[in-house]
Amino acid sequence: MVRPGGKTTGKSVLCFGFPLSIFFIVINEFCERFSYYGMKTVLTLYFTRFLHWEDNFATAIYHTFVALCYLTPILGAMIADSWLGKFKTILYLSIVYAIGQIVLSVGSINDLTDHNHDGTPDTIAVNIALSIVGLVLIALGTGGIKPCVSAFGGDQFEDDQEKQRSTFFSLFYLSINAGSLLSTLVTPTIRASECGIHTKQECYPLAFGVPAILMAIALAGSKMYKKAKPQGNVMLEVSKCVGFAIKNRFQHLSKEFPKREHWLDWASEKYDKRLIAQIKMVLKVLFLYIPLPMFWAVFDQQGFKIQPDQMQIVNPILIVIMVPVVDSLVYPLIKKCKLNFTPLKKMTVGMFLGSMAFVAAALVQVQIDTGYMTFETSKLQSLNITSGTLNTTESLDLTEKQRYTFAFKWHPAKISYNLIEDNITAKPADGKSLVRFINNSNFTVNVTMGDMAFGELQPLSASNYSVISNPGWSYTINASMPNTCTVDSKEFGYGAAYTISLDDCVGKKLIITHFEDIAPNTVHMAWQIPQYFLLTCAEVLFSVTGLEFSYSQAPSNMKSVLQAGWLLTVAVGNIIVLIVAGASAIKKQWAEYVLFAALLLVVCVIFAIMASFYTYIDPNEIEAQFSKEEKEEKKARDGNEKEAETVSRL
């Protein structure tokens with residue numbers, strides 16, 4: 001059956017010039033990415049709020065999970081190219097993926113082991129075990145199918161559909177970001193809703209369950225795919241061939257043995273020319289991959305956000321807009337200008353724009369970074385306070401890298417003071433704002449602000465800082481001094497820390513003083529748009545092009561392997577981030593951005609030089625030539641055998 005706008009050819013069913021199966025692959029990728037990013041969006045909150053893990057441990061498990069997702073593609077590629085084929089690998093590992101999502105969803109059910117109905121699991125180990133098993137299955141599933149889906153999509157096209165195949169990779173990347181965008185918006189809302197049998201809590205089962213349903217939908221449309229058969233244990237053959245070439249070369253180091261054009265040619269005594277040529281193709285591309293992890297090291301640091309978490313959806317929104325614009329307007333315009341904008345040149349420009357994005361981020365960060373008065377602890381050992389005729393000296397025993405507030409109050413006969421160790425030492429993250437109260441009266445005060453309770457405060461004591469849920473709002477402050485007094489506070493800025501001094505109560509009106517401990521962000525969120533725009537352009541040029549380049553330059557039996565190599569650069573990029581972050585002594589965020597921008601710029605130059613020596617190939621044409629030669633050789637052998645048989649009869 002052909003849909004409207006489609007037609008049947010001898011090769012496959014076409015719809016608007018594309019194989020009909022392509023549309024199912026794009027939709028399936030959208031569902032799979034919604035499933036993955038939807039789960040990933042709430043995962044850290046699930047670790048800390050439901051499983052009650054420490055922040056550091058939760059972060060370590062989270063990054064371990066992500067790393068596993070980008071390391072397992074090698075396994076998926078080996079299975080696809082050597083054993084099951086791409087379609088069956090995608091199908092079977094998608095089932096594993098869906099089962100993992102279901103197991104994770106079941107593990108997040110609060111009532112699973114809450115036998116006394118107190119809202120807390122009685123045997124949290126059961127929930128943890130199910131969650132870990134679910135995450136391992138998800139990592140195997142998503143990682144295993146990653147290198148296969150894009151390569152499988154490329155397989156749906158015929159040799160004369162190069163333009164359509166290029167458009168497919170853009171649509172494919174568009175579906176990834178569309179799934180990411182929608183899940184980033186929807187899943188946190190689902191998680192924030194309350195559900196449960198006996199007690200109502202954050203609805204993690206539904207937040208993980210909806211992605212599981214989408215993953216099941218992603219299995220549809222299997223009958224209309226073009227399925228290439230696997231061609232034996234390719235990875236094993238490649239390993240043996242490379243090993244033999246190296247061994248044979250070292251056994252023939254003497255000058256009496258003539259040099260060969262390529263070191264892999266030393267395997268020609270044992271392996272056929274076709275396999276050697278295919279390995280040469282793959283190694284040429286893998287060599288180009290060496291500098292690429294630096295791009296992902298920069299790209300995955302999209303932490304430059306000033307306030308509300310919604311800013312992180314800017315990138316997928318821009319991707320959804322930019323991919324069709326670049327594909328249908330920018331590239332054709334460049335082509336009309338007769339500029340040879342090759343894939344490797346696109347990737348080079350993408351790396352350069354990624355570097356510039358972090359320069360822009362550094363400029364914004366310089367504007368928002370602020371601090372407070374700092375001292376060396378060895379030089380601040382006492383504090384002298386003088387008020388009129390009163391004088392007092394306080395000995396100090398301070399801890400390094402700690403922040404303190406020194407509160408004091410003048411009385412007719414003495415000076416009262418208190419050294420307070422603060423519970424924040426840096427600017428609040430993600431644009432959040434903090435507030436605390438200090439009691440500057442002579443009474444014990446019980447203070448609230450809106451629905452936040454700060455408890456009882458003794459004279460000259462301070463509460464801990466608390467997060468202001470909506471900094472742009474005005475809140476009513478209530479305090480008992482000993483009568484209840486109220487006052488409306490002024491609006492709070494984003495990314496700031498405030499101390500409010502409770503001074504007095506006059507006619508039930510609370511007298512307060514605002515102190516700005518850490519200044520609010522004065523840079524508008526809109527200033528982040530240029531850096532996100534640059535980063536999005538970089539991603540479109542680098543990542544979309546990289547996917548297509550990896551497919552087009554790979555031999556038919558190693559396309560998934562090369563896609564896995566591409567994904568491996570992402571994993572290595574994340575490892576680079578961990579190494580640099582651990583080894584770096586840079587304390588300023590803007591300086592770290594400049595460091596990564598400089599590193600990427602250097603790598604960009606190296607990649608440009610490497611790319612200038614690369615010669616583009618057509619693997620199909622090369623393999624066709626080998627097939628032709630093999631047929632001619634076989635024909636010649638058959639002719640010789642017949643001639644020998646005729647001679648023997650005579």
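Each residue, glycine too, has its Cβ placed from N, Cα and C.
Curation plays no part in TrEMBL annotations; they are all automatic predictions.
Annotated region 'Disordered' per TrEMBL: 628-650, in sequence order. Positions annotated as transmembrane segment by TrEMBL: 12-30, 60-78, 90-109, 124-145, 166-186, 206-225, 281-299, 311-334, 346-368, 564-586, 593-617.
Tallying C-beta pairs under 8 angstroms between the transmembrane segment (311-334) and each of 60-78, 166-186, 281-299, 346-368, 593-617 places 166-186 first. Sequence-remote contacts of a segment are chain residues at least 6 beyond its ends whose Cβ falls under 8 Å from one of its Cβ atoms, and for the transmembrane segment (281-299) they are 238, 264, 344, 350-351, 354-355, 357-358, 535, 538-539, 542, 546, 549-550, 553-555, 558, 561-562, 565-566, 568-570, 572-577, 580, 596-597, 599-600, 603, 606-607, 610-611, 614, 617, 619, 622.
Long-range contacts of the transmembrane segment (346-368) within the same chain, counting only residues at least 6 positions beyond its ends with a Cβ under 8 Å from a Cβ of the stretch, are 294-295, 298-299, 301, 304, 306, 427, 495, 521-523, 527-528, 530-532, 534-535, 537-543, 545-546, 549, 589-591, 593-594, 596-598, 600-601, 603-604, 607-608, 611.
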